[in-house]
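Undergrad: Attaching a single structure in structure tokens format; questions to follow.
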Amino acid sequence: QQFNVTAYGATAVAFISLQAFAGMWINAFIVCVVCIAWIKTKTLNSNEKILLFLGCSRFGHLCFSSLYSCLAIMYPHFLYVQPTYTVIVSMQNFFNYSNLWVSACLSIFYCVKIASFINSFFIYLKVKIDTIVPWLLLGSVLLALAVAIFSYKFAGTVHCNHSTGQGNFSNVSITMDDVFFPMYFISAFGFVTSFMVVITPALLLLFSLWRHKRTMQTNSMKDLSMDAHIKAMKSILSFLVMYSINFVFLILIMSSAMKEENSMTFVIYVFLHAFPAVHSLILIFSNPKLEKTLLSILPCVKCKLCMR
């Protein structure tokens, strides 16, 4: 997407940069807390492994995505100077797909760990999930790396085929849908696959939690896990809504209909940069260790800011 360099563009850059900085801080906090716990205990459970990978991928995604968005808004022609364009696009795709597929791993993990279904395959997964998680994370990283390598070679090929060789970047055109169809197809396939992998276990988990909650209410049971189940349902439901909107916006941002709609594109960019931060906050407040650490840090930060 290319924007005119106006006050509107400057506002968009400032807003996106602020969102990206907040998101990077939140995910850096998750990574730091998990790494400190890793150093202290010398071990990581499956949930912490997923959070570590997710925090790192979202930090990198926000970093390169905000850089790409700011360059596309303020200096669009600079993107077509090699190797700037190919490096930024490939790194952005790597962290973006890592973020999407590690989120899918988190959804699968929560479903298998929390949901209760009487099924031999599901019981087998529940027993083996701790050994499966590292392979899921490895597969996510390898798939993201494959997409990044493809996008790097593809972006370099497109640039070479459309460069004028005369140093006039205003003649460089990389906007043809036919040329970008392979990249659009790979991106759409990755988005749809990760979306289905996230939605299916999340819906199964919601159904299991709702059934368990209903059973406890019917039997008039005062179970301490009741509040935990309601909290888990709210967390998963909010994630489902956010991820669904994120999926729709990812598809829209690739469509030709969005090329001239600057105001709508700005709204989409705002949400795409807000999603990693907001969902990471949900993960923090649904994890007792992360929530306790964050609440203990905030008063110290507030006191230091007041002293200044």
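Just so you know, glycine gets a Cβ as well, placed from its N, Cα and C.
TrEMBL lists 12-39, 59-80, 100-125, 132-152, 183-210, 231-254, 266-285 with the feature transmembrane segment.
Walk me through the surroundings of each of these features.
TA: Counting only same-chain residues 6+ beyond the ends of the transmembrane segment (132-152), those with a CB under 8 A from a CB of the stretch are 46, 49-50, 53, 57, 86-87, 89-91, 93-98, 101-102, 104-105, 108-109, 125, 183, 186, 190.
Same-chain residues lying 6+ beyond the ends of the transmembrane segment (183-210) with a Cβ under 8 Å from its Cβ atoms: 93, 97, 100-101, 103-104, 107-108, 110-112, 114-117, 143, 147, 150-151, 154, 177, 229, 232-233, 236-237, 239-240, 243-244, 247, 250-251, 254.
Residues 1, 8, 12, 15-16, 19-20, 22-23, 26-27, 29-30, 51, 54-55, 58, 61-62, 65-66, 69, 99, 103, 235, 238-239, 242-243, 245-246, 249-250, 252-253, 258, 291, 294 of the same chain lie 6 or more positions beyond the ends of the transmembrane segment (266-285) yet place their CB under 8 Å from a CB of it.
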Undergrad: Counting CB pairs under 8 Å, which listed stretch among 12-39, 59-80, 100-125 touches the transmembrane segment (231-254) the most?
TA: 100-125
